[in-house]
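Enquirer: Pulled the feature table from Swiss-Prot, pasting it below:
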type	residues	note
DOMAIN	1-49	domain 'ClpX-type ZB'
BINDING	C8, C11, C30, C33	Zn(2+) binding site
REGION	44-65	region 'Disordered'
BINDING	P120, T121, G122, S123, G124, K125, T126, L127	ATP binding site
Amino acid sequence: MSNENRTCSFCGKSKSHVKHLIEGENAFICDECVSNCIEILHEDGNDGTPSESAGGEPEESGKLPTPAEIVANLNDHVIGQEQAKKALAVSVYNHYKRLRHPKAGANVELSKSNILLIGPTGSGKTLLAQSLARKLDVPFVMADATTLTEAGYVGEDVEQIITKLLGKCDFDVEKAQRGIVYIDEIDKISRKSDNPSITRDVSGEGVQQALLKLIEGTVASVPPQGGRKHPNQEFINVDTTNILFICGGAFAGLEKVIRQRTEKGGIGFGASVHSKDENADITKLFGIVEPEDLIKFGLIPELIGRLPVIATLEELDEDALINILTEPKNALVKQYQALFGMENVELEFEEGALRSIARQAMERKTGARGLRSIVERCLLDTMYRLPDLKGLKKVVVGKAVIEEGREPELVFES
């Protein structure tokens with residue numbers, strides 16, 4: 001169609017009768033029709049901009065759960081760790097409250113409440129972070145700090161974390177910029193001493209510096225659809241300022257650093273006395289950790305400064321592990337009972353068996369993470385034969401199954 005013959009698809013006026021004729025895909029609209037559309041929208045009370053609440057802030061869908069509601073939800077998935085849950089709930093609530101009311105703190109700059117979780121392997125650090133993201137319905141991604149390298153080195157550079165986060169929300173930049181990133185094993189990239197390194201450190205201090213930029217807020221350039229970077233390519237820009245970062249680690253050996261700070265040492269009446277329960281000692285020491293201890297451990301001061309909320313998790317004892325096996329909504333015992341139920345077979349774990357499973361996990365020092373492998377091992381042969389065992393009504397797992405490797409008791413219909 002020639003320029004002279006083009007007409008507005010709405011009013012039919014030709015280009016010569018209007019000031020502007022805007023071209024779209026197989027359609028045109030003139031400036032007069034655009035003005036009419038704007039007037040109609042204003043009359044309906046909708047000018048196309050986000051609606052504002054009484055406080056003048058853009059409203060967001062859904063009610064922000066209170067700290068108490070967040071903790072109640074975490075209790076459904078994670079056993080114990082009450083102090084850590086409370087610290088997480090308050091920090092996360094304040095973070096998203098700040099995002100929902102950007103003008104409320106116009107006179108005061110509200111900083112981000114990134115979180116550092118310190119606790120032994122299998123104590124629930126990862127599960128807490130996952131459960132938080134699920135409750136808040138925000139994009140969530142996990143990264144292993146030990147796999148990260150500085151940009152320019154072989155390996156996964158820190159910006160790929162943002163690529164993964166974008167992938168979790170179908171490359172919706174707005175959603176990604178309000179997501180949660182959990183970085184595990186942060187303690188494994190500590191530098192060897194608290195003195196700055198004069199050499200290149202591909203997987204330690206250098207990675208901390210790269211993470212620092214991401215955590216404190218930067219615009220990360222991400223390849224579209226998660227491809228690899230190459231010249232002459234358009235990038236997606238993601239502002240990490242409002243992404244909540246949760247870092248976690250076991251920090252094995254940190255207790256020694258804290259002891260050096262808190263105890264004078266020596267012999268005689270001034271000597272320090274340690275409890276026979278080493279786990280209780282470590283839990284108490286982690287509870288009084290200071291930023292200077294983390295610096296001595298090997299984290300750079302700038303990174304610690306960007307992780308203002310420090311929450312410590314306790315070593316799980318035998319009773320806590322038994323509760324983990326049976327109490328949460330997705331408890332391991334409930335999962336296996338559901339699997340057996342699909343074959344119309346009841347699965348029962350005796351109290352002695354549960355205690356033995358918990359004890360073995362403690363001996364292996366794997367915490368809750370090691371429970372599944374123990375249960376899987378004791379039920380493997382039974383699950384292999386299960387579809388072919390006609391008339392089977394019930395499977396009973398006793399103490400001897402766990403401790404002596406015996407077969408579970410099989411109860412058939414009479």
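Just so it is clear, glycine is given a Cβ too, placed from its N, Cα and C backbone atoms.
The model shown is predicted, which means the values in this text are computed figures rather than measured ones.
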Enquirer: Excluding P120, T121, G122, S123, G124, K125, T126, L127, please set out which residues of the same chain place their CB within 8 Å of the center of the CB atoms of the ATP site, keeping sequence order.
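Expert: Not counting the recorded site residues, we get G119, G248, L313, G367, A368, R369.
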Enquirer: For the recorded Zn(2+) site, enumerate neighbouring residues of the same chain (Cβ within 8 Å of the Cβ centroid of C8, C11, C30, C33, site residues themselves excluded), in sequence order.
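Expert: Here the nearby residues are S9, F10, G12, K13, V18, L21, F28, I29, D31, E32, V34.
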Enquirer: What kind of secondary structure is T126 (ATP binding site) part of, going by DSSP in three states?
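Expert: Its secondary structure by DSSP: helix.
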Enquirer: Using a 10 Å cut-off on CB atoms, tell me which of the binding-site residues C8, C33 is the least crowded.
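Expert: Counting other Cβ atoms within 10 Å of each of the binding-site residues C8, C33 gives the minimum at C33.
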Enquirer: For a quick check of understanding: among the binding-site residues T121, S123, T126, which residue's Cβ has the most other Cβ atoms within 10 Å?
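Expert: Highest number of other Cβ atoms within 10 Å: S123.
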Enquirer: Between L127 (ATP binding site) and C33 (Zn(2+) binding site), how many Å separate their Cα atoms?
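Expert: L127 (ATP binding site) to C33 (Zn(2+) binding site), Cα-Cα distance: 54 Å.
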Enquirer: Could you state the whole-number distance in Å separating the C-alpha atoms of K125 (ATP binding site) and C33 (Zn(2+) binding site)?
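Expert: Between the alpha carbons of K125 (ATP binding site) and C33 (Zn(2+) binding site) there are 57 Å.
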Enquirer: Within its own chain, what residues at least 6 apart in sequence put their Cβ under 8 Å from the Cβ of P120 (ATP binding site), listed in sequence order?
Expert: A250, I282, L313, E315, L316, K365, G367
Enquirer: Here's one to test understanding: among the binding-site residues T121, S123, G124, T126, whose C-alpha is closest in space to the C-alpha of C8 (Zn(2+) binding site)?
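Expert: Sorting the binding-site residues by distance from C8 (Zn(2+) binding site), the top entry is T126.
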